């Protein structure tokens, strides 16, 4: 059994409950529904408990089967299937009675978020096929057989509304449909779906209307052919020079971007921030949904949205909250084309900042890096694969620790899919647990935004490392969350003033080297110094407490403080 929350408007921890049973998503009827039922369902969804439930399709009417009715749980069952109910698929309800739950916003430790549409797992069943009638002109694509994995460019082809959905959840921005026959090497194709019809605003193909082939699917799709989409890569994923040149020209024409993602550990996720009146600010999460989130993702060169996050789940922003109740239809080129309400002082706080997780193309970067020797999967000595092209077996080697720091560790942790970097280590003698001993990369220097260590500056084939022993290999400690400190600069400007202060009041400041070097020549304790004074505030916008790297044992307590 698999479960998900759906419907709008809703927060990430509430919604209509949908259950995947017998290869089909369906809903649960609200007849005899109790808080005990909600507890069991919230556990399935990875939350510690339920705080409430909703009846009468509060989160909108579902589609498909109503799988369960008259469910009665005590609350401690391991599965909803262990509770009393009328039997799977046996219901006298309509979708106007779909049940919803409100879960406590606290995750079960170690639970992998299941409220995410896993595109590749859903769509790459061996021998499955999408056949479109309507806009897709009786074309179908065999997914999972390797035929449709690479973008195919054909001279013939027309833009179809459906392809923005298809390419969107593949992680790329837009697409062309090519009615183009694939060479299938005489392989027998088994077709599963046909008559796929999308409006183009859907965030996933499973939300479009379609029909299943029943019975002997190998004889189906006789008048159709494989549908092929050609995806246009976003700026981060463009590999060819022609693509990059075209995108640079577009960026020059458009000027400074007016939207960005901040605070996310991975590519394509973060708090949504917009530029308005020359000031960056956030978006309030009221009515924030997958349609609006998808417009943001596509505008930034990603695919459609995997999750629309509310409740500042990517950290709280600072400064103004610019927009509220953003309501995109899904077809807009930019978030600024969507209807929204201007914010008022009472409307929102930064605890309600909206965020997104976008679909991104599968680039395979995580297969070219691994950690060894650490106490957990989040730490260890960095090993990278070289010479993995043209079907050759990759050769694993170490990275020289010389010059290795936090920025390089950030890129390594991102490439590994392990979040933020806590530490970048230049010596790893205590993680000597691998038989990999050869240095294969040196002089690594990253800006911090790269998706792979190979994208950073490095020495290439001409290695230059003073200490080539394994103890001097680079290592990392990664973390799912991190602190993010920000100085409140306007406050410094607003509070700055000049003060003439007597020298006899500045002994502590002198001992701590807070005065200019000329203070040593002053006639202590007589005379004065002219000082620049200001107040400061430092905000932690991250999702983890700030802890200084120096342990308590190394702190010095000064008598002046």
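Sequential numbering from 1, following the chain as shown.
Note: Cβ is positioned from N, Cα and C throughout, glycine not excepted.
The following features are taken from TrEMBL:
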- 3-104: domain 'SRCR' (DOMAIN)
- 29-93: disulfide bond (DISULFID)
- 42-103: disulfide bond (DISULFID)
- 73-83: disulfide bond (DISULFID)
- 130-232: domain 'SRCR' (DOMAIN)
- 198-208: disulfide bond (DISULFID)
- 259-359: domain 'SRCR' (DOMAIN)
- 284-348: disulfide bond (DISULFID)
- 297-358: disulfide bond (DISULFID)
- 328-338: disulfide bond (DISULFID)
- 369-479: domain 'SRCR' (DOMAIN)
- 446-456: disulfide bond (DISULFID)
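Taking the features listed in TrEMBL, we show where each one sits on the structure.
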residue : record         : Cβ within 10 Å
73      : disulfide bond : 21
83      : disulfide bond : 19
103     : disulfide bond : 26
198     : disulfide bond : 24
208     : disulfide bond : 20
284     : disulfide bond : 23
328     : disulfide bond : 21
358     : disulfide bond : 28
446     : disulfide bond : 23
456     : disulfide bond : 18
Winner by Cβ contact number (other Cβ atoms within 10 Å) across the disulfide-bonded residues 29, 297, 338: 297
Euclidean distance between Cα atoms of residue 297 (disulfide bond) and residue 103 (disulfide bond), Å: 27
Other CB atoms, at most 10 A from the CB of residue 93 (disulfide bond): 17
Inter-residue C-alpha distance, residue 348 (disulfide bond) and residue 83 (disulfide bond) (nearest angstrom): 40
DSSP-assigned states of the domain 'SRCR' (259-359) in counts, ordered helix, strand, coil: 16 helix, 34 strand, 51 coil
Fewest other Cβ within 10 angstroms of its own Cβ, chosen from the disulfide-bonded residues 42, 348: 348
Cα separation, residue 328 (disulfide bond) to residue 284 (disulfide bond) (Å, whole number): 14
Residue pair residue 328 (disulfide bond), residue 358 (disulfide bond) - Cα distance, angstrom, rounded: 16
Local confidence of the prediction over the domain 'SRCR' (130-232), expressed as mean pLDDT: 56
